Amino acid sequence: MGHDEEDRPPLFWKFRSSNGFIVFSVCFAIFVDVLLYGCIVPYVEIPRFLYESRVFPFTLEKRSGVPEDQVQGWLAVLLAVYGLGFSLGSPAFGWLADHYRNRWYPLMAGLVLLLTGTMMLWFGTMVQFLCLARFIQGLATACIWSVGLALVIDTVGSSNAGESLGLLAASMSVGFVGAPSLSGFIYDRFGYDAVFLSMVVMVIFDIVLRILIIEKKDAVKWILQETDPNDPTRPLLPPNPADGPNFDIQIHAHPLITLMSSPRLVTAVFISFVEAIIMTSFETVLPLHTKETFGYTSTLAGLCFALVVFGDFFSTYAGRLSDRIGARPCVVTGLIASGTVVFLCGFATGPSLASQVMLWVLLLGVGLAHCLVFVPTYTEMSLVVEQIEREKPGVFGPYGAFAQSYGLGNFAYAAGTTVGPLWSGFMRHQVGWGPIMFALGVFSILSVIPSYLFLGEPKAKEQGDEEGQSTTSRI
């Protein structure tokens, strides 16, 4: 009797274990995480018109008593400690997630960290305490991204990962675009507490979604219960890791070392670093350039950067294309296009209308090129894990290494988000807008070389794998 109750499917288990619900839950987690990140201006040098649209500059002055001339410095520190938490947490949470039989505990830990960091920011007044809160939020971001991406791959499979990862990229863009306007609007209309109350409510809803998720590996037994054992259409599902121990304490061939020994993965990680530098450099210098050169208001400057982010809404199409033709042609084409349009942005230095229109078109091109690079690159990180598993079965242990692979990619992206603003902010004072764009364009073009050489699998290898899979299916 007790055994029957234990094996009874939970309520709405089909919906809760469906691809759509799981992908939506991870998308919402990333949206909320990016929205919270947007409370602090992600610029090393902050123009006054953007400075006034966010919550934290006022928080530091009014609640923490920081002199106005020191606010910008403390904002940079808060950004840096967030990046530190993101960088350190990415490989750590990736390793942890790949040693649990499911993603529930690590991802829930990330959401609890996010809630904790948000509450600390809400009630904290000492700047040191705020720094600790931002570090915790950085750890939460590392966990949500590394484990969340791995959960999506577990759900949809690597062969269909591109489209789903494109949805995640679009969610990130919605959060990034919505953060300044939403937090600024709530702060102006309802005050400081209302901003954080709304954030806490969203994080709690995020936690509820995570509680409702039933992972595919846990739903296997109920799927099989509803299928006739003699039915030839019965799913050929792999052994359920849930039958094993809850936590695997063995280190299987040092997975991180194994991953980093793959030129294919190292290249994907490097491209993640490159894209982070390019995008955060634009975040840093574009508002200042448009204000000084064209006399733009905060609204127009925001619309300019929205053109860059707008490209991410096409990420699902880039993902589908990557699923169909592979990452290499997408990334190579995207890097060439990105390098070209970024280089041309350097010529938009005059106040004329023609110069402004040219910049608008080029910024849209930057965003489209970015989505053509970003999503296929992250799809490639999961395909590398599968390639290594085929060549060395069991090398990553019973739970694989998807989260560790994404942990390395997120580590590189976090490093790029630190290097980009620092480098571009320094270069802006030294050489100005044009040379920065020229340098970024050349950097993107040079990145084509390792991408062409190492991304994707050789054609002969792919054909061999297809023949092997065909033979296995006939057996």
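Cβ atoms are placed via backbone N, Cα and C, with glycine included.
Bear in mind that the values here come from a model prediction, so they are computed numbers and not experimental data.
What TrEMBL lists as transmembrane segment is 21-44 (among others).
What TrEMBL records for 22-459 is domain 'Major facilitator superfamily (MFS) profile'. Across the domain 'Major facilitator superfamily (MFS) profile' (22-459), the prediction's mean pLDDT works out to 82.
Distant neighbours of the transmembrane segment (74-97): 37, 40-42, 44, 46, 56-57, 60, 66, 103, 106-107, 109-110, 127, 130-132, 134-143, 145-147, 150, 255-256, 403-411, 414-415, 417-418, 421; these residues of the same chain sit at least 6 beyond its ends, with a Cβ under 8 Å from one of its Cβ atoms. Here TrEMBL flags 74-97 (among others) as transmembrane segment.
Marked as transmembrane segment by TrEMBL: 104-123 (among others). Within the chain, the transmembrane segment (104-123) has long-range Cβ neighbours (under 8 A, six or more residues past its boundaries) at 29, 32-33, 36, 39, 93, 96-97, 129-130, 132-134, 136-137, 139-144, 147-148, 151, 193, 196, 199-200, 203-204, 206-207, 210-211, 213, 215, 403.
Here TrEMBL flags 135-153 (among others) as transmembrane segment. When Cβ-Cβ distances below 8 Å are used as the criterion, the transmembrane segment (135-153) is approached by residues 22-23, 26, 29-30, 33, 36-37, 81-90, 92-94, 97-98, 103, 106-107, 109-111, 113-114, 116-118, 120-121, 161, 164-165, 168, 215, 378, 382, 402-404, 406-407, 410, 414 of the same chain, each at least six residues removed from its ends.
As annotated by TrEMBL, transmembrane segment applies to 165-186 (among others).
Under 8 Å from some Cβ of the transmembrane segment (192-213) lie the Cβ atoms of residues 16-17, 21-22, 24-25, 28-29, 32, 35-36, 39, 55, 58-59, 63, 104, 107-108, 111-112, 114-115, 118-119, 121-122, 183, 186, all in the same chain and six or more residues away from its ends. The transmembrane segment annotation in TrEMBL covers 192-213 (among others).
For the transmembrane segment (265-282), the residues of the chain that approach it from at least six positions outside its boundaries are 42, 259, 305, 308, 327, 331, 335, 338, 342, 366, 370, 373-374, 377-378, 380-381, 384, 405, 408-417, 419-421, 423-424, 436, 440, 443-444, 447, 450-451, 453-455, judged by C-beta separation under 8 angstroms. The annotation transmembrane segment is assigned in TrEMBL to 265-282 (among others).
Same-chain residues lying 6+ beyond the ends of the transmembrane segment (294-318) with a Cβ under 8 Å from its Cβ atoms: 47, 49-50, 52-53, 162-163, 165-170, 172-173, 176-177, 180-181, 279, 282-283, 286-287, 330, 334, 351, 356, 359-360, 363-364, 366-372, 374-376. The annotation transmembrane segment is assigned in TrEMBL to 294-318 (among others).
Annotation comment: TrEMBL describes 330-351 (among others) as transmembrane segment. Sequence-remote contacts of a segment are chain residues at least 6 beyond its ends whose Cβ falls under 8 Å from one of its Cβ atoms, and for the transmembrane segment (330-351) they are 271, 274, 278, 293-295, 318, 321-322, 358-359, 362-363, 365-366, 368-373, 376-377, 380, 433-438, 440-445, 447-448, 451-452, 455.
Among the features that TrEMBL reports, transmembrane segment is placed at 357-375 (among others).
Proximity of distant same-chain residues to the transmembrane segment (396-416), defined by a Cβ-Cβ separation under 8 Å and at least 6 residues beyond the stretch ends, is recorded for 83, 86-87, 90-101, 103, 106, 138, 142, 145-147, 149-150, 153-154, 241, 244, 248, 250, 252-253, 255-256, 258-260, 265, 268-270, 272-277, 280, 377-378, 381-382, 384-385, 388-389. TrEMBL lists 396-416 (among others) with the feature transmembrane segment.
Annotated transmembrane segment per TrEMBL: 436-455 (among others), in sequence order.
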Residues from the same chain, set at least six apart from the ends of the transmembrane segment (436-455), whose C-beta lies under 8 A from its own: 263-264, 266-268, 270-271, 274, 277-278, 281, 285, 327-328, 331-332, 335-336, 338-346, 380, 424, 427-428
